[in-house]
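**Student:** In case it helps, TrEMBL gives these features for our protein:
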BINDING   Lys157, Asp162, Asp180, Glu241  Mn(2+) 2 binding site
BINDING   Asp162, Asp239, Glu241  Mn(2+) 1 binding site
ACT_SITE  Lys169  active site
DOMAIN    237-244  domain 'Cytosol aminopeptidase'
ACT_SITE  Arg243  active site
Amino acid sequence: MAVMLDTFTTERIDANDAAHALSEACMLATYEFAGYKQKRTEQKTIEQLTVYTTTDEKEVEASLFVGSVYGRATNSARTLVNTPSNLLSASALANYAVELAKKYGFEYKIIEKEEMETLGMGAFLAVNQGSVERPKLIVLKYQGKETWEDVIGLVGKGVTFDTGGYSIKPKDGIVGMKTDMAGAAAVLGAMEIIGELRPEQNVLAVIPATDNMISGSAFKPDDVITSMSGKTIEVTNTDAEGRLILADAITYAKQQGANYLIDVATLTGGVIIALDVHTTGAMTNDEALFEQVLEASVETGEFIWRLPITEKDKERVRNSPIADLNNSPGREGHAIMGAAFLAEFAEDTPWVHLDIAGTSVTTKPSDLGPAGATGVMVRTLATFVERFEK
């Protein structure tokens, strides 16, 4: 394939921007999930890309490389999300993260169930109670500065399959719940880009990984659990499990030095009702941090729209007669309620919540890839990290 690059430049887009976009798009557009059929179709590839431009060759080559890194990492996230949960348990996801860490020289730690008990991660462990699969808290640390300061915490929801627990999902709603770890995949994809490009930033990735199953030992509506923060939670809906595991992950990230927090999660169906399936819902407690995330999303074309968290919303998640918090105070404003709950654990730490329930998977192919996982927020997170200013 040959491209006259300068024909795509404008006052706002120079040849380097165009080269990045070209390379990234080639990666995204040719992605296919191999699947598990005995007879597999031949995958699409671009064997050679020739670029003609008047811009400096080395600059354009560098931009082409960066674009390919972004595209490849997004495809890595797509593959994770597309993989069936019987082949991608919490342990398998942790193993993937360890291999990523070894490849790029990240410090890493996989926190096991016994240590979670010692740390008091009662919210995370409650979700895992019904499962035969052991939970994993995946922790990756990238230090791009001399000292561990101004740390960006990326927290990704890693529910490898969500039955809804005893608040069980209906037949049609349970299909596709292998994708409930798309937040974890987005964080791992962003860490792949960070590992390749080595920005001068400090990044802590924290991923709580488990499934949400039903058994005699599973947690139930009316249970009261104690989170790592010490706050107690009345469980009114076991299908509002993502916010429970994220609560402990956010607390852990703060204890490990995260000064800024971004969590990414397929958290609520309510965000789809509010924003359809093309826009990610965003909620925050910090205007300046949100503006930087918004700028990154505009640059990558992964659109986000801010929803409010009011004092009335906070009152609703605190409305329990027997505990500090209620994990699901009702259907009204469901996406906001999920974020308001997480805000109780972010507290004063600058924080942005990204609800990708509608944008993590598409049912229709596009110019940038097939139906299935989109890898949404990989590029936004990586761009945010690269551009971040205190």
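Glycine residues also receive a Cβ, built from the backbone N, Cα and C atoms like all the rest.
A quick note: this is a predicted structure, and the numbers were derived from the prediction, not measured.
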**Student:** Are any of Lys157, Asp162, Asp180, Arg243 (the recorded positions) within 10 Å of Lys169 (active site) when you go C-alpha to C-alpha, and if so which?
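**Tutor:** Checking Cα-Cα distances against Lys169 (active site), the recorded positions within 10 Å turn out to be Asp162.
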**Student:** Counting each residue once, how many in the domain 'Cytosol aminopeptidase' (237-244) are helix, strand and coil under DSSP?
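**Tutor:** Its residues fall into 3 helix, 0 strand, 5 coil.
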**Student:** Of the binding-site residues Lys157, Asp162, Asp180, which one sits closest to Asp239 (Mn(2+) 1 binding site) when you measure Cα to Cα?
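**Tutor:** That would be Asp162, the closest of Lys157, Asp162, Asp180 to Asp239 (Mn(2+) 1 binding site).
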**Student:** Which residues, sitting 6 or more apart from Lys157 (Mn(2+) 2 binding site) on the same chain, put a CB under 8 Å from its CB?
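**Tutor:** When sequence neighbours closer than 6 are ignored, Lys157 (Mn(2+) 2 binding site) has Asp180, Met181, Ala182, Gly183, Ala184, Pro208, Gly242, Ile245, Leu246, Asp263, Val264, Ala265, Thr266, Leu267 within Cβ distance under 8 Å.
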**Student:** By a simple count, how many Cβ atoms lie within 10 Å of the Cβ of Lys169 (active site), its own Cβ left out?
**Tutor:** 16
**Student:** To see if you understand the setup: which same-chain residues, six or more apart in sequence, place their Cβ under 8 Å from that of Asp162 (Mn(2+) 2 binding site)?
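**Tutor:** When sequence neighbours closer than 6 are ignored, Asp162 (Mn(2+) 2 binding site) has Lys169, Ile174, Met177, Asp180, Asp211, Asn212, Asp239, Glu241, Gly242 within Cβ distance under 8 Å.
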**Student:** Counting across all protein chains present, how many other Cβ atoms fall within 10 Å of the Cβ of Asp180 (Mn(2+) 2 binding site)?
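**Tutor:** Looking across every protein chain shown, the total is 25.
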**Student:** Neighbours of the Mn(2+) 1 site Asp162, Asp239, Glu241: Cβ within 8 Å of the Cβ centroid, same chain, sequence order.
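**Tutor:** Near the Mn(2+) 1 site, the remaining chain residues are Val127, Val159, Thr163, Gly164, Gly165, Ser167, Lys169, Asp180, Asn212, Thr238, Ala240, Gly242.
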**Student:** Using the Cβ centroid of Lys157, Asp162, Asp180, Glu241 as the reference point for the Mn(2+) 2 site, which residues of the same chain not in that list have Cβ within 8 Å?
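**Tutor:** After dropping the recorded site residues, what remains is Val159, Met177, Met181, Asn212, Gly242, Ile245, Ala265, Thr266.
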**Student:** Are there residues of the same chain, six or more positions away from Arg243 (active site), whose CB falls under 8 angstroms from its CB, and which are they?
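**Tutor:** Once residues fewer than 6 apart are set aside, Arg243 (active site) is near Ala265, Leu267, Asn327, Gly338, Phe341, Leu342.
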**Student:** Find the average pLDDT over the domain 'Cytosol aminopeptidase' (237-244) in the predicted model and report it.
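**Tutor:** Its mean pLDDT is 99.
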**Student:** Looking only at Cβ atoms, how many others are within 10 Å of the one on Asp239 (Mn(2+) 1 binding site)?
**Tutor:** 19
**Student:** Where does Lys169 (active site) sit by DSSP, helix, strand or coil?
**Tutor:** coil
